[in-house]
């Protein structure tokens, strides 16, 4: 992760988005591959747990760089993490929801092709929009509402006659896959907005908040391992079925989550929209090559509608009621600099 000033170049923004796009597309395809190959199938709950552990260590490392010394790091952890049980409890809410979301991603990609998953998962945009309106009292423009309905229409077309992958031999349940995505989408929308609300309610560092959330996340995911696969994990081992590909998926999930925060900080919605659309295209191409995905007309049309809607949703809003105040503010800033 890069630590730069606010005035970052367009080249750096493009670099961030390129990495994020490649991580998103590669993660989806690699995860799909690990769930469909004819080998000993690993426990997805343990993979989600390990991901939380790696995210925690990465966040501690970044906070250490932010604080500048080991003493200040320990002080920050004592005050904000171990000395704040209320804050830990507050962050346990998104931890639980994210843990459920990550487990649902494994269920979905065990039953749906990567390209179909990538398109359908964009339903998180209208879900996040709805949560933003309800929880943060924000408003959406008419164009944003239009793009939300267009996105839903595009996803409906993709699911109308799902594209079939001819090279996948394992048994699949498309309805279970779609149900898992629906749960993941709801979790993503709620947890994202809840976390944003917590972040903006205080001036606590993002990385401190991440550490609070990942600590709770480890507890939640360990409980998930016990409840879902406890007996089999005790019998076969925590890392049963792990291959280099599985570790690669875990690495992508860990880095991808943290890299997103850099992208959110340094880029805008339009560029993020292009990134999401590019990830859909890359996942589709990879699915055709690796899994023998047969592209249908309805899938192509649906994917196109989703890409257009993502772009429209990210377009800057023209709020005429706020032109005057912003002009006044900018003129004050000019006077201050003079």
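Cβ from N, Cα, C; glycine included.
Unlike curated records, TrEMBL annotations are generated automatically.
Marked as transmembrane segment by TrEMBL: 12-30 (among others).
Residues 1, 34-35, 70, 73, 76-77, 99, 102-103, 106-107, 110, 205, 207-208, 210-211, 214-215, 217-218, 221-222, 224-225, 228-229, 232-233, 238-243, 246, 249-251, 253-255, 257-258 of the same chain lie 6 or more positions beyond the ends of the transmembrane segment (42-64) yet place their CB under 8 Å from a CB of it. Per TrEMBL, transmembrane segment is recorded for 42-64 (among others).
Panel annotation: around the transmembrane segment (143-160), residues 116, 119-120, 122-123, 125-126, 129, 178, 298-299, 301-306, 308-310, 312-313, 315, 317 of the same chain, lying at least six beyond its termini, place a Cβ under 8 Å from a Cβ of the stretch. Taken from TrEMBL, the feature transmembrane segment covers 143-160 (among others).
Taken from TrEMBL, the feature transmembrane segment applies to 175-195 (among others). Same-chain neighbours of the transmembrane segment (175-195): 93-94, 97-98, 100-101, 104-105, 107-112, 117, 120-121, 123-124, 127-132, 135-136, 159, 209, 213, counting only residues six or more beyond its ends whose CB sits under 8 Å from a CB of the stretch.
Positions annotated as transmembrane segment by TrEMBL: 207-227 (among others). Packing against the transmembrane segment (207-227) from elsewhere in the chain are residues 43, 45-46, 48-49, 52-53, 55-56, 59-60, 62-63, 66, 76-77, 80-81, 84, 87-88, 90-92, 94-96, 98-99, 102-103, 195, 198-199, 233, 238, 258, 261: each is 6 or more residues past its ends and has a CB under 8 Å from a CB in it.
Residues of the same chain lying 6 or more positions beyond the ends of the transmembrane segment (239-262) and with a Cβ under 8 Å from any Cβ of it are 1-2, 16, 19-20, 23-24, 26-27, 30-31, 33-34, 37, 39-43, 46-47, 50-51, 54-55, 58-59, 62, 102, 206, 210, 232-233. Residues or ranges marked as transmembrane segment in TrEMBL: 239-262 (among others).
Residues annotated as transmembrane segment in TrEMBL: 274-293 (among others).
Annotated transmembrane segment per TrEMBL: 299-315 (among others), in sequence order.
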